Amino acid sequence: MQKHGAMLSALWILLLHVSPLGSMKLTLFKSPRASPEDGDIRLAGAKTHSQGRVEVYLHGEWGTVCHNGWDLPDAQVVCRQLHFTGAVSAVAGGTFGEGSGEIWLDQTKCVGTENSLSNCSYNGWGISDCTHKQDAGVICVAGTSENYVDHSLDLSDDLGQLFDSEEGCDFLIQGQTYTGLERYDGEMVNTTVCAHRMILSRFPGFKASTDVDQISINLTQNCRPHLPSLIRYVYTRRLEVTTTTAECFHQLASHFGMRRLMEDAGRLFTKLLPEDRSFLTQVSFYEYSVGAGDRVLQENCLQYMAWNFQKLSTSKAWSSVSAELLQALLSRSDLVVPGETFVLAALEDWVSQVNRTTSEEQQAVLLARVRFPMIPAKELFEVRFTSALYSAHQTLYQEKLLKGFEAHSLPFGTLKNSSTFQRNDQDYQPRIYTGPPWSVTFNQSVETVQRQINNQYNHRGSYRGSYYNTPMPRTIQTQSTPVHISALFADKMVNWQLNLFKKRSDCSNSGVRCDSLPAARMRMSTSNFQYQGSIRYSNRLLLSCQGRFIFHIMDFKDTFAFVPTGENVTYPCADEEYIYHFVVRPEYI
């Protein structure tokens, strides 16, 4: 037992004092600083020496590296060349500020074993169409190999083996689960983990620093198998999180006061959202976030489902969406749908699927979130004949229909002076409507523009018709839309010029300067626009991943939107095969 105690004490000292950010120091001879040579690199733009913007020396000048293709193997080579023990991460452009001078390297591809960045594959010295907004950076493990001996990376494996062996363990964690469908129903099943008090004592939630030698925790049947992995993480600081385990690990981390793991698991939730096309995971994550009080996770889930509402409403999970979740979605202006009629049809479909569990009061609350003034006048006229909910909510429908017809028939000056008009009323605010004529799609994989024809709209809210590919240059397109969705402007059109810039030459050929690529431009080409005092345009650029899901939405600043790449997008798109949707959004001022 004395031997075990000595071993644990030694491991505990290592756990406290040895990490990739600090290690035993040996003072060795240090060579004097020499003048930089071609191919030398340095880090700039950060307060600490172990991270920063990567700069390369060539022909007497320091330049930068573009982040196109920049990944962890590239960062490992940079950190090795600078005599650090390893790389923590490769950092996307702009994190450490903009450099100056030449951009020496672009499309860098390292295996990770090279001794110099110049030994990796790249376009060629100075061949790049990037700007300094895309300057790549790295975060290295602090401590240089010239001055340090650091074997701390082995510590994680050693402690993992200690946990697996249970040698000298002196503290029990008991996970309790009931086999019944309801809590506390059926037989109790236990999962017991034996751990080391000294290691667990860093986290107060385990209560390992008190006189008790065991604790119990109630777990769901789904989470019980993952308790040992969570405890093993305390030893190794390594944990694989998937769509099926993220909720459990977040819950367990919260229970034991493991703040860093809880935050990281929360961030992983966001990355995992696109993986489930059934939307069952997204709905489950949202309901969990509400119960856990995690507002950040709650908003991430809501935003993803709002952006992909059309697919959510036709998914397996649609009938499992709660009235509270649906109300939260229908209250949002970033709901991406073909049109407002689609929103009403989706709500009708949801009510028909969950009719036994929703009251008329709940239905009325949800119907009130439908923006009738945003329904086109012809479709608005047909609502009372086609809506399945009209007979049960005639009074509400009549009020909403009247509001809609007023919006289509009264000039805005008259409308806003009405006693019933409220400037902050969301009913007069558009969502993001992707149906014709408000949207144009650029598909970079086929390099064509997609439009929709046969634009007949049925009462279910689906556009009948098909897409066709117009063999046009991918960089420019024109589109005409009504000035506003109101029927008053049906014959008053505004013209738009749409550009998608993929190469530096695309920008120069159009006579514009692109700060970064890809870039999109959406510019009104109608001269003498006469509605500037009453109508404005909050246009959007939607990015979808191979047409499977929308993962990023941007507004246009001074007619431009600069498309992010890599980790700078809201949700991950693995292959970066983007489809670009230009959306016109007129609003009354």
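Residue numbers in this text run from 1 along the chain shown.
The backbone N, Cα and C atoms fix where each Cβ goes, glycine too.
Note: TrEMBL annotation is automatic and uncurated.
Now, the feature entries from TrEMBL:
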type: SIGNAL; residues: 1-23; note: signal peptide
type: DOMAIN; residues: 41-141; note: domain 'SRCR'
type: DISULFID; residues: Cys66-Cys130; note: disulfide bond
type: DISULFID; residues: Cys79-Cys140; note: disulfide bond
type: DISULFID; residues: Cys110-Cys120; note: disulfide bond
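Taking the features listed in TrEMBL, we show where each one sits on the structure.
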residue : record         : Cβ within 10 Å
Cys66   : disulfide bond : 26
Cys79   : disulfide bond : 23
Cys110  : disulfide bond : 23
Cys120  : disulfide bond : 17
Cys130  : disulfide bond : 21
Cys140  : disulfide bond : 26
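In the three-state DSSP classification, Cys140 (disulfide bond) falls within a strand.
Closest to Cys110 (disulfide bond) in space, going by CA atoms and restricting to the disulfide-bonded residues Cys79, Cys130, Cys140, is Cys79.
The secondary structure of Cys79 (disulfide bond), as reduced to three states from DSSP, is helical. When pLDDT is averaged over the domain 'SRCR' (41-141), the result is 88. Classification of Cys66 (disulfide bond) by DSSP places it within a strand. Considering only the disulfide-bonded residues Cys79, Cys130, Cys140, the residue whose Cα is spatially closest to the Cα of Cys120 (disulfide bond) is Cys79.
Cys130 (disulfide bond) and Cys79 (disulfide bond) are 23 Å apart (CA-CA, integer value). Rounded to a whole number, the C-alpha distance linking Cys140 (disulfide bond) with Cys130 (disulfide bond) is 24 angstrom.
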